[in-house]
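Annotation comment: Swiss-Prot describes 73, 104, 123, 124, 125, 126, 127, 128 as S-adenosyl-L-methionine binding site, evidence class sequence analysis.
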């Protein structure tokens, strides 16, 4: 299965890229995880913010393949314990060829992007820095995969 994390923001610090890469490369051949970055648009007043989010949304939608099963990362989404996420990952692997997980910009995701998604996943009620979310998502998916494969990484 191909898993693509589409994230608004580029020019991340090295520790973000290294953290993401560390988890993304731990899967065996059955999962290929990659990252597509959408450039963060310049922000200023409310009008510029709306235009920036609109442009980012168009780029997110353009980055999706028609066959992608789309999951947005959103505070209003479903929370999962690690074991529940493992079951969800199993479902995605059985029912989708490719999975796209979308991390929005500072103002979140547009209605158009949310409407394209089949699901929405919340990492919890905390506000998290978007660069860190990339690493958290990669780690959570690796942990879910580890649970499904009885790998010692996850010790409940």
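Even glycines carry a Cβ here, placed using N, Cα and C.
Structure with Swiss-Prot features highlighted.
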residue: 73; record: S-adenosyl-L-methionine binding site; Cβ within 10 Å: 25
residue: 104; record: S-adenosyl-L-methionine binding site; Cβ within 10 Å: 24
residue: 123; record: S-adenosyl-L-methionine binding site; Cβ within 10 Å: 18
residue: 124; record: S-adenosyl-L-methionine binding site; Cβ within 10 Å: 9
residue: 125; record: S-adenosyl-L-methionine binding site; Cβ within 10 Å: 7
residue: 126; record: S-adenosyl-L-methionine binding site; Cβ within 10 Å: 7
residue: 127; record: S-adenosyl-L-methionine binding site; Cβ within 10 Å: 7
residue: 128; record: S-adenosyl-L-methionine binding site; Cβ within 10 Å: 13
